[in-house]
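Quick look at what TrEMBL lists:
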ACT_SITE  GLU60  active site, proton acceptor
DOMAIN    34-194  domain '3-deoxy-D-manno-octulosonic-acid transferase N-terminal'
SITE      GLU117  site 'Transition state stabilizer'
SITE      LYS193  site 'Transition state stabilizer'
TRANSMEM  6-26  transmembrane segment
Amino acid sequence: MIFFYYIFAVIIYIIAAPFLLILSFCKEKYKISLKSRFFLYKNLRQKQGDVYFHACSFGEIKSLIPLIKLFPTCKISTITQTGFNEALKYSKKVNFFPFEVFVPFWMRSCKVLVIFEAELWLMLVFMAKFYNAKVVLLNARISDRSLKNYRRFGFFYRLIFKYIDVVFAQSQKDKERLECLGAKNVIAYKNIKANIKQEQVKNYSKPKARIIIFASTHENEERLLLNEINLEENDKLIIAPRHPERFGEVEGVLKDFCQKNHYNMQKFSDFTLSENDFANFFKAKCLLLDTLGELENFYKISDVVFLCGSFVNNIGGHNPIEAARWNNVIISGKYYFNQESLYQEVDDLYICESVKDINDFLKQKLSQARVKEQNDLNEIILSIKEGLDARKSL
């Protein structure tokens, strides 16, 4: 089965390679990651390390930071550029994860492989077992939407789970679904994204206004919300797009909104200020947050957070924990199917069933969101250490 899968992957690669090469030059977002993953650009061989963490992107890498710090000689692979940049802050042993056809030649031996969430690559787990490593699947989940696809390819996932030794699921429901797909040694755990530590943030001075932020917006979401929102005299609105390649597009959308309502706007990238001067510089009614790494700083001074990725039906929501730590009112759309377990970790998080109701929420006196008590990571840490101890002689 592995042989036929590999041949199939090679055929797919040969067909797709020319298009991927063109895309890597056309899209700034993929300029480095696609070349590294599909053509091994500056990525000929994985770095050495006994513990190997693999996660898809920025948020998943952030969730792994407590574990990465406990195993400082670990190696990390990721899919996206933002994930790669975040991983480099904590380890020098970081690679882009290559396409399946390269994994047997690219991957070096390890003693424990830790995979995060849905990064179920057959050649990755097969090669880990080839090197006699313990394979741990962390934060595993199967959403209602994806369940049908998992069942449709159940034969394939049963093969993958044959090579995974222990699974930490996000909930009891996820545990049962994973076991139906052949997963063994499944532990119903909490979503460890709730354990992301509150980072040191900048202390921007807060304007004397109610600060409303549309956080992590996606395509069409800005227009959807702006078409409905009625800003009061004492309100200031901040829009923070999820992806930097959309900054220009969202600037145009916000300009149209401001012209229609006779508001003025600013871009954060135009500011040159100290933290204490922010309130004096933020004079406009609306602000485009067009700088990466600033969102949590703005959570700290915001009064109302619209947690986006949940007002359109194709994203599934975003992590509410970071915002909830700053005593904000949090309002989410109804499409949070990828974040159900994390939403359960936050008290007083309001769900807006229809975007037409957002002004009703803004008129009410709502309670601030609060993060529930967090799980420790001791059981996961013990599982990794047991894998290392059992393979000391390797």
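Here the Cβ of each residue, glycine as well, is placed from N, Cα and C on the backbone.
You'll find the Cα of LYS193 (site 'Transition state stabilizer') roughly 8 Å from the Cα of the residue listed as 'active site, proton acceptor'. Counting only the Cα atoms, the space from GLU117 (site 'Transition state stabilizer') to GLU60 (active site, proton acceptor) is about 8 angstrom.
Residue environment of GLU60 (active site, proton acceptor) contains 24 other Cβ atoms, counted within 10 Å of its Cβ in all protein chains. Within 10 Å of the C-beta of LYS193 (site 'Transition state stabilizer') there are 23 other C-beta atoms, taking all protein chains into account. DSSP assigns GLU117 (site 'Transition state stabilizer') to coil in the three-state reduction, placing it in neither a helix nor a strand. Around GLU117 (site 'Transition state stabilizer'), a 10 Å sphere centred on its CB holds 20 further CB atoms from the protein chains shown.
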